[in-house]
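Trainee: Here you go, one structure.
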Amino acid sequence: MLGICVCLCAVFSHVLSQEAEEPVSYTCTEGYEYDRVREQCRDVDECALLEDACKGGMQCINHFGGYLCLPKSAVIYISKDGEPVPMPDPVPPVPAVQLNQPQLPRTSSAGSQRITYTSQTIRCATGFTAEENNCRDIDECATGRHTCGPEQTCYNTRGSYTCQCPLGYQRSGDHCVDVNECDVQSPCQHHCYNLIGSFLCQCDQGYELAQDAVSCQDIDECSFSSYMCQYQCINSPGSYSCECPDGYQLQGNRLCQDINECETGTHNCQDDEMCWNYYGGFRCYPRNPCEAPYTKTSENRCICRSQTECQGLPPSIVYKYMSIQAERTVPADIFQIQATNIYANTHNTFRIKAGNEGGEFFLRRSSNVSAMLVLTKPLSGPREYVVDLEMVTHHLTMNYRSSSLLRLTVIVGPYAF
């Protein structure tokens, strides 16, 4: 430790003119100025007046009649005259720091005060540099004092540095080589594909990548659209399936096809009953639909032979059955009625005689011998409609008319398929 003592004394001269007419003047030595209030010389604080009084990072210390430029690491003690000078506190240990043996501090007295300062020289380990009274870490990355390759990134550490490669690479000397994450980590839940500097995960069919880009989560195909299945979509892990209601079977992957119970024998109709299949089910009807005074002459045809009993009744009734889906688009042609016997000099008219109280149907005449039944309103099912369609024949030469009746049973299924 190097000790330096500086002592400056305040001196002033007093010149008094003996001539009565001349004014009194005072002169102070350099570094002082006269204080007319106290009538004495006062020290000038050069550190406050002079900008950059000390160079090279030194600190300015005002002193009697001048100032001192001392290192910032100097320890300064101010004591009154006669008091012992305190010894400096021991410097706390700093890693990789070696201190020179200190010398005893030197003091100098000036006026009634004494100023003592000391300075110390420190030696730092590799990776550190001396700054004030400490060892500061050297940033090798910022100063270029490193050996990292062009592909590597330098990261400063305390007293040293480290070279690191980008994510997905590993060090090989001063180069970076790709890391095959698929072999090292197996990060993907399903399938892993290595890329240069990275990797890619893919999922099995029916799954999609989660937000973490490595896990796979099920795709709910049923949420995509109501048209995935014609009736009901059932989601399952990695897939989905379509189901059909009772009376239907799955056709392909999404469509529902009606099961014809009358053909498969999965019905409960009796021997005297006829099985009629409709969309989504079946119904049993009497094989002989004729009621008195009508008698059956052929399949589904009933004739009234008694003129007295059949007065006011159609001479014949033909029974027909048909099935349609629910909510069918309208208008729609659904059934055609046509005369079985054609006579010369006749004119036929057609009408709906019964069963159209709700206005669901309309009978359009197509020709002199035929007419078309038109559906005018969408129908909900399951429901049964019985519609009587009448054909009236006018005999022009004989001047009389006759009629025949077709009793049509329309069965509406429960679904639109």
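From the backbone N, Cα and C atoms, a Cβ is placed for every residue, glycine too.
Annotations for this protein, taken from TrEMBL, read as follows:
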| type | residues | note |
| --- | --- | --- |
| SIGNAL | 1-17 | signal peptide |
| DOMAIN | 137-177 | domain 'EGF-like' |
| DOMAIN | 178-217 | domain 'EGF-like' |
| DISULFID | CYS182-CYS192 | disulfide bond |
| DOMAIN | 218-257 | domain 'EGF-like' |
Trainee: Report, as numbers and ranges, every residue of the chain located at least six residues beyond the domain 'EGF-like' (178-217) whose Cβ falls under 8 Å of a Cβ in that stretch; write 'none' if there are none.
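Mentor: Beyond its ends, the domain 'EGF-like' (178-217) has Cβ neighbours at 166-170, 237-240.
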Trainee: Counting only residues 6+ apart in the same chain, whose Cβ is under 8 Å from the Cβ of CYS192 (disulfide bond)?
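Mentor: Counting only residues 6 or more apart in sequence, the Cβ neighbours of CYS192 (disulfide bond) under 8 Å are GLU181, CYS182, SER186, PHE199, LEU200, CYS201.
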Trainee: Suppose we draw a 10 Å sphere around the Cβ of CYS182 (disulfide bond). How many other Cβ atoms does it contain, all chains included?
Mentor: 17
